[in-house]
Amino acid sequence: MASSSLFNPSFSTLNPKPRPFYRNPKINHRPLPAIFCTSSIFDPSSPITNNNSPPHPIKHRRPADENIRDEARRHRSASDDRHNFSAKYVPFNAGFDSPESYSLDEIVYRSRSGGLLDVLHDMDALKKFDGAYWRSLFDSRVGRTTWPYGSGVWSKKEWVLPEIDPDDIVSAFEGNSNLFWAERYGKQFLGMNDLWVKHCGISHTGSFKDLGMTVLVSQVNRLRRMNRPVVGVGCASTGDTSAALSAYCASAGIPSIVFLPANKISTAQLVQPIANGALVLSIDTDFDGCMKLIREVTSELPIYLANSLNSLRLEGQKTAAIEILQQFDWEVPDWVIVPGGNLGNIYAFYKGFKMCQELGLVDRIPRLVCAQAANANPLYLYYKSGWEEFKPVQANSTFASAIQIGDPVSIDRAVYALKNSDGIVEEASEEELMDAMAQADSTGMFICPHTGVALTALIKLRNSGVIGPSDRTVVISTAHGLKFTQSKTDYHSGDIPGMGRFANPPVEVNADFGAVMDVLKNYLLSIL
Ligand SMILES: Cc1ncc(COP(=O)(O)O)c(C=O)c1O
Ligand SMILES: N[C@@H](CCOP(=O)(O)O)C(=O)O
C-alpha cells in the first residue's frame, strides 16, 4: 500500500506505555498447602503476603554467581517434585483414558487417524485441590519476579506443562496483559457500560502468540536437552507466529525457520524474525500454501512444527482466559469476542474457561463469539450453513492480514468451542473493520485491524440486541496496533478508495503565526 506524503515522520514518534501489572487487594490470600510454598515469596507469613505486617524493604542480594533460575532451584522443596500432576496428548475430543495417547516428550502432531491432538491434563489429580485453592495460588503469583511464575503463563504452570523442569523454561514473563475498560468507546458508540478490551498484543513480540510460544519453545528446549532429534523449529506465518517463534528461539539459542507469504505481511512483522536471526523464507504463495509446505517439511526434516496445529501452543494461549477471570475477581463475563484465522485461539479460550469451571474456580463459562474478515470467512460460512458442510475458501486480501486464512487447521477445535459455549460467528467487511479500528483509536486505543474485526462483530450483535447494554463483554485485542501503521496511515490519508469516514489527516500549514491561528480558531469553533 502506498505511503502518504501527508504524514510527517515526526508524527510517528510514539512510546508504547509500560504494561501495568494488576494485583487485586480485595482478594483474600489464603494460606497455601505446604507443597507450593517453595520460597518465601509464596509463604503467607512472609512480609510480602502477610497483610498485617507493615511493608518494609527487603534486602535481596544474590551471590554474584547465581541468577533467578538458580535461586528458584535453591528454593524448590523436595515436595515440589512429589506432586503427581501430568498431561499427555490424546486424539482431539477423546478422554484422558483414551487407548491412543502420547507423552508430551514425543514428537507428534496428528493422531493415528490423521486428526487433531489435544493436551489433556489429569483432572483427577488437579481436583484434589479445590477452586479456592487454585484461585489463591494463581493470585499469589501475579506480578512477581520469581522464576518462572512472573509469567502470566507459567504462573499457571500446573495447568500448562506440569512436568517441565523450570530450568528448561524459556520465558519473557509474557501474559499478565492489560484488561482495559473501554469506557468512552462503550458509552459513545455502543451504549455499553461494561465493555473491556484484553490487550494481548501489549506483549513481548506484540501479539498473543507469545503466550503459546513460551510453552512450545520451552518444550523444545527440554527435548533438545534430552537429545531428541530437534535441530530447529519452523512455522508458516502471517507475521505474528513467526515473530514470537524467532524471539523465543533466539533467546534460547535454538535455530528458527519461518515460511512467510511474500508481500502479504506488514513490514513491522517481517522485520521481527529477520532481526531475531531466523532463516526467513519469503514464499510466493499465501498462508495456506506456506502451511502446506511447512507440514511437509517438518515430516521430512528434524524441524519441530510451531504452528497451532501443535496443541502445545494452545496450553499457553488458554491462560489468557484464566487471566480474564482473575482480573474480574473470578467473576465470569457474559461475552468474549475473539478474532479468528487458523482458529486455534478460539479453542484455547474455551479450554481455559472450561478448565476453570471444571476445577471449581467459577461456575459457568462465557458465550464465545468468533469474528472473521469477510474476505477470509470459511468458519462464518460454515456457521451460516447450520454447520452443514465445511468448505475451505480462497482467502482474499484483507487489512486484517494476520487472519487471511482460507483453510484453518483448527476448524474442528473451533466448532467444538462454539457449540459448547452457545457461541456465535460474525464477519466484518473491509470498511467495517477499518472504521471500527478508527473509532476505537479515536477513544484512546491504538488497536490492530483484527481487533477491528472483533469490534465489528460486537457492533453487529449490539445492533441486533443479542448483546445487551450492560452485558459484561470482553473483546480480545490480538496484536499491537504499531505492527499495522501502514493501513492506519493509508486510512487517515484518504488513500484507500471508498474509505475514511473517520479519517483524521494532519493539517498542513505554513510556518506563519496568522496561518496557524486561523487553523486553530476554525478548529476551536468546530468543537465548541
Ligand atoms: C493478530 C492476530 N489476530 C488473530 C489471529 C487469529 O488467531 P487464530 O489463528 O488462532 O484463529 C491471528 C493469527 O492467526 C493473529 O496473528
Ligand atoms: N496469524 C498467525 C497464523 C498462524 O497461526 P498459528 O496460530 O497456527 O501459528 C500468524 O501470525 O502466523
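Cβ coordinates are placed from backbone N, Cα and C, and glycine is handled just like the others.
TrEMBL annotations: computationally assigned, not manually curated.
As annotated by TrEMBL, domain 'Tryptophan synthase beta chain-like PALP' applies to 171-478.
Secondary structure from DSSP puts Lys209 (N6-(pyridoxal phosphate)lysine) in a helix. Listed in sequence order, Asp240, Thr241, Ala243, Ala244, Leu245 are the same-chain residues six or more apart from Lys209 (N6-(pyridoxal phosphate)lysine) with CB atoms under 8 A from its CB. What TrEMBL records for Lys209 is N6-(pyridoxal phosphate)lysine.
The feature region 'Disordered' is assigned by TrEMBL to 46-67.
Taken together, the residues in the domain 'Tryptophan synthase beta chain-like PALP' (171-478) have a mean pLDDT of 98 on the 0 to 100 scale.
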